[in-house]
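Feature annotations, reproduced from Swiss-Prot:
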BINDING   28-35, 75-79, 134-137  GTP binding site
COMPBIAS  197-219  compositional bias 'Basic residues'
REGION    193-219  region 'Disordered'
């Protein structure tokens with residue numbers, strides 16, 4: 001499914017300084033298809049062989065909801081253990097795609113470990129996350145139901161997709177959804193700050209009430 005992603009240097013590039021950069025991190029057990037998803041998104045190409053222990057970084061410039069976006073995507077190795085390098089990209093990342101394979105129940109169970117790893121570093125449950133069940137084309141090998149994925153996404157309060165990197169099903173949707181989550185949470189944070197900085201009308205009215213009474217008594 002192609003929703004219009006274009007590589008860097010396409011007609012979608014925006015004037016210098018206007019494109020917002022989004023730092024996205026791919027997480028998940030080895031062999032679930034993180035690299036295949038990323039490469040399909042970036043170059044519309046399915047890698048026939050890839051070393052799951054290699055970490056790669058990719059960049060692409062696209063438009064999402066008619067807004068330009070520079071995506072800086074880190075495709076991590078599949079180990080969930082805590083390391084100094086992982087601590088750095090957990091802090092720097094603005095949004096996370098946590099992947100499992102619908103053909104591998106163990107990879108589904110490891111999703112919680114990656115979610116806990118995000119919380120361990122960032123100390124907040126409000127970090128933008130998208131949950132992905134990959135390899136949806138391998139229905140005959142399915143070990144994790146779609147309902148289980150939906151239930152876990154509800155627990156995480158995040159978007160959920162079942163994808164096929166092999167056939168490019170819903171690949172663009174995943175990355176677009178994560179950028180939308182980042183934008184939404186940024187807007188919520190700005191509104192919260194604006195609300196906090198404004199004096200509450202009820203407090204202001206209460207402070208003014210004695211002066212109003214004095215004025216009324218004088219007249």
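Each Cβ is built from the backbone N, Cα and C atoms, and glycine gets one as well.
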Neighbour tally for residue 34 (GTP binding site), based on other Cβ positions within 10 Å of its Cβ: 28
For residue 136 (GTP binding site), nearby residues of its own chain (Cβ under 8 Å, 6 or more apart in sequence): 102, 162, 163, 164, 169
Which listed residue (28, 31) has most other Cβ within 10 Å, given these are binding-site residues: 28
Number of other Cβ atoms within 10 Å of the Cβ of residue 76 (GTP binding site) across all protein chains: 23
